[in-house]
Amino acid sequence: MNRIIKIVLLDILKNKIVLSYTFVLALLSWGSFGLEDNSAKGLLTILNVILFTVPLVSILFSTIYIYNSSEFIELLLSQPLRRKKIWISLFAGLSIAMILAFLLGAGIPLVINAPDASGVMMLLSGCLISAVFVSLAFLSCILTRDKAKGIGVAIMFWMYFAILFDALVLFLLFQFAEYPIEEAMVGVTALSPIDLARIQILLHLDQSAMMGYTGAIFKDFFGTTIGLIISFFLLILWIAIPFFISVRKFNKKDL
């Protein structure tokens with residue numbers, strides 16, 4: 001199992017796309033801090049990178065990599081190895097690689113320019129978001145054997161969580177503006193890993209006003225220690241549940 005993780009990890013870290021991704025993250029992160037007059041503004045710029053670029057690259061690269069590794073996976077299946085161990089090893093290798101790319105690209109500028117709670121929160125959120133979308137990539141791949149359809153499913157996952165989910169939330173807020181649904185929005189937020197990460201980062205940046213009139217509700221709940229623990233627990237669930245479903249399907253799949 002450890003050997004498979006090592007093979008996958010080394011293969012990905014030598015990949016030109018991952019190296020380019022790391023370089024672009026570093027360029028955007030250093031540029032954000034260099035162009036802004038204080039670290040808080042730089043962090044807000046990097047926030048957009050984490051919430052849009054990191055999920056997109058993580059899910060797209062992972063999906064394409066899994067499909068391109070089909071022969072390698074079939075070779076592993078011919079060995080006396082349990083399917084579950086093979087799938088977990090591939091996931092671990094991809095997740096570690098994407099997290100390392102994020103830490104090398106955005107982590108170093110964050111540690112140097114924002115060595116406080118907000119910087120740490122952004123690092124943790126970026127790592128968890130990377131793992132969440134790698135997990136969703138595994139689910140996308142196992143849903144269909146067709147590469148084009150799998151990539152399409154992956155893009156739809158990203159579009160839903162990065163763009164469409166917020167549009168649906170805004171629609172609900174406007175439609176039910178006459179009703180006190182602000183507290184219900186806290187529960188709805190759990191349905192999006194990107195929103196969970198965004199709220200925690202904005203709260204640590206003391207930018208709850210950017211979340212509109214529901215900001216006070218979010219601050220009362222997610223701003224507490226229990227709220228912080230719950231939000232991280234929910235993000236871990238977002239990693240575990242899609243991957244668990246993909247493991248179940250992979251064990252039954254006829255390759």
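Every residue gets a Cβ built from N, Cα and C, even glycine.
Taken verbatim from TrEMBL:
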TRANSMEM  12-33  transmembrane segment
TRANSMEM  45-67  transmembrane segment
TRANSMEM  87-112  transmembrane segment
TRANSMEM  118-143  transmembrane segment
TRANSMEM  155-177  transmembrane segment
TRANSMEM  221-245  transmembrane segment
The transmembrane segment (118-143) touching the transmembrane segment (45-67) per 3+ Cβ pairs under 8 Å rule
yes
Answer key: the stretch among 12-33, 118-143, 155-177, 221-245 with most Cβ pairs under 8 A to the transmembrane segment (87-112) is 12-33
Where else in the chain does the transmembrane segment (155-177) make close Cβ contacts, counting only residues six or more beyond its ends and a cut-off under 8 Å?
51-52, 55-56, 59-60, 133, 136, 140, 185, 188, 191-195, 214
